[in-house]
Amino acid sequence: LTGVLDDCLCDIESIDDFNTFKIFPKIQKLQERDYFRYYKVNLKRPCPFWADDGHCSIKDCHVEPCPESKIPVGIKAGSSNKYSKAANNSKELEDCEQANKLGAVNSTLSNQSKEAFIDWARYDDSQDHFCELDDERSPDAQYVDLLLNPERYTGYKGPSAWRVWNSIYEENCFKPRSVYRPLNPLAPSRGGDDGESFYTWLEGLCLEKRVFYKLISGLHASINLHLCANYLLEETWGKPRWGPNVKEFTRRFDPVETKGEGPRRLKNLYFLYLIELRALSKVAPYFERSVVDLYTGNGHEDAESKALLLDIFRDTKSFHMHFDEKSMFAGDKKGAKSLKEEFRLHFKNISRIMDCVGCDKCRLWGKLQTQGLGTALKILFSEKEIQSLPENSPSKGFQLTRQEIVALVNAFGRLSTSIRELQNFKVLLQQTR
């Protein structure tokens, strides 16, 4: 896998070097910090699109939630938009007053009206979101320690898993039903069609819709790479041994076994990496302000986490072959606006499909990675708002919740790991030849 990627002026070798020597070691460290390792997620939301076919009972699908006592005090106290201790205390007072006011009004409201009020507030908040966010106040939302629940092969596969990916590609990638995605085992038989008509169709799309497909394909490739790299190789005396499975990697990505499809998928992984890298370089001014504090309650650790994050931002800015998102949504204003909205709603739908994943561990990492990508897209389309942020107060124009920040960093960490694992597989393949 070499050479220049389509739709951008960047080559694979430059990304490999940049990731291996600059990004990967630092992002690994950052993901171990308390602020980034605890993610609040609701794994009990029902699937909104079809009757759930039951949860996976394989033990490796299980997610162990974190007891409240283990969560750093600054993370679990109060609002999701909180940054610093000062904001913490004033916000709690505000929340209290707000609750009292609502309480006073609420006695005269029907439950239906209360729901409507909550929905309105949520609608206002969601105007710039590319993802359906879990409601962190829901009793079903729990903190998960990502380090104790790593993404790896769980044995979750077959019709249930395919149905999720099928729904994502077939219904949400701006695709006519007459054009089959290559190598989809659930699609009806295509006779002699080897998927080339699909790529002819894809090339004929506008840049934005091509980008959308590549992002989803890149995410799929990245998730598959994690499963191949962290595979259950054997279990003797109850002691599992996890590691890279070359055979599984070949089955999913080898050009011969995948009829040329594997390398295309891996190129889309690199493309996705570039998009999220670009978002990190664009959001730096948001975090460079003194008002943003990555608050956990441990002052020393918080200062170190922020210094490390800013160091990563400096690296992302130093990369010299960024994707230029200005080429997107650049047509006439009205057409560009409606295309951007269509893009946002399609992506939001994909984030909702993650609630249909039957394996809890796959659902956790699926939700986190789609939310991370959704946050990256939100950043790329909010450049003006980010540049005009006030230095000393939280802004109304552009805001990230802690949940979005954690998802953004961990999702990019997963892509960085994928590209690193790909280097390992290249070495392993050479050894087996």
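Note: Cβ is positioned from N, Cα and C throughout, glycine not excepted.
The shown structure was predicted, so the numbers you read here are calculated from the model rather than taken from an experiment.
As written in TrEMBL, here are the features:
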type	residues	note
DISULFID	Cys56-Cys61	disulfide bond
BINDING	Arg152, Thr154, Trp165, Ser217, His220, Arg252	FAD binding site
ACT_SITE	Cys359	active site, nucleophile
DISULFID	Cys359-Cys362	disulfide bond
ACT_SITE	Cys362	active site
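Binding-site extent for FAD: residues Arg152, Thr154, Trp165, Ser217, His220, Arg252, maximum pairwise Cα distance 21 Å (rounded to the nearest whole number). Neighbour list (Arg252 (FAD binding site), Cβ cut-off 8 Å, at least 6 residues apart, same chain): Asn224, Cys228, Thr258, Gly262. The two recorded residues, the residue listed as 'active site, nucleophile' and Cys61 (disulfide bond), show a Cα separation of 5 Å. A separation of roughly 18 Å, to the nearest angstrom, links the Cα atoms of Trp165 (FAD binding site) and Cys61 (disulfide bond).
Geometry remark: His220 (FAD binding site) versus Cys61 (disulfide bond), CA distance 18 Å. Annotation for the binding-site residues Thr154, Ser217: lowest Cβ count within 10 Å of the residue's own Cβ, Thr154. Checking each of the recorded positions (Thr154, Ser217, Cys362) against Cys61 (disulfide bond), the C-alpha distance stays within 10 Å for Thr154, Cys362. In this structure the C-alpha atoms belonging to Ser217 (FAD binding site) and Cys362 (disulfide bond) are separated by 17 Å.
Listed in sequence order, the residues of the same chain lying 6 or more apart from Arg152 (FAD binding site) and placing their CB within less than 8 Å of its CB are Asp60, His226, Leu227, Asn230, Tyr231, Leu232, Trp242, Lys361.
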